[in-house]
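These notes concern the structure reproduced below.
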Amino acid sequence: MMSKLGVLLTICLLLFPLSVLPLDGDQPADQPAERMQDISAEQNPWFDPVKRCCNWPRCNVYLCGPCC
């Protein structure tokens, strides 16, 4: 019984190797550095264009930009 399972597993791995599965690192949306480059501070709704900074309650350097 165990040898039959071994043969079946070997055949399955030969027909469908694990290397064809997509890895998580291959997805560009999964890389935080690239996600942060897609959003500029000026497009953020919390960004004050007159002061050119973010309002204090919503201020976060990683999300919006410089704080007021």
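Even glycines carry a Cβ here, placed using N, Cα and C.
Feature annotations, reproduced from Swiss-Prot:
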type: DISULFID; residues: CYS53-CYS68; note: disulfide bond
type: DISULFID; residues: CYS54-CYS64; note: disulfide bond
type: DISULFID; residues: CYS59-CYS67; note: disulfide bond
type: SIGNAL; residues: 1-22; note: signal peptide
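Positions of the features from Swiss-Prot, shown on the structure.
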residue: CYS53; record: disulfide bond; CB count, 10 Å: 17
residue: CYS54; record: disulfide bond; CB count, 10 Å: 21
residue: CYS67; record: disulfide bond; CB count, 10 Å: 12
residue: CYS68; record: disulfide bond; CB count, 10 Å: 11
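The separation of CYS54 (disulfide bond) from CYS68 (disulfide bond), Cα to Cα, is 6 Å. Across the structure, CYS54 (disulfide bond) and CYS67 (disulfide bond) place their CA atoms 5 angstrom apart.
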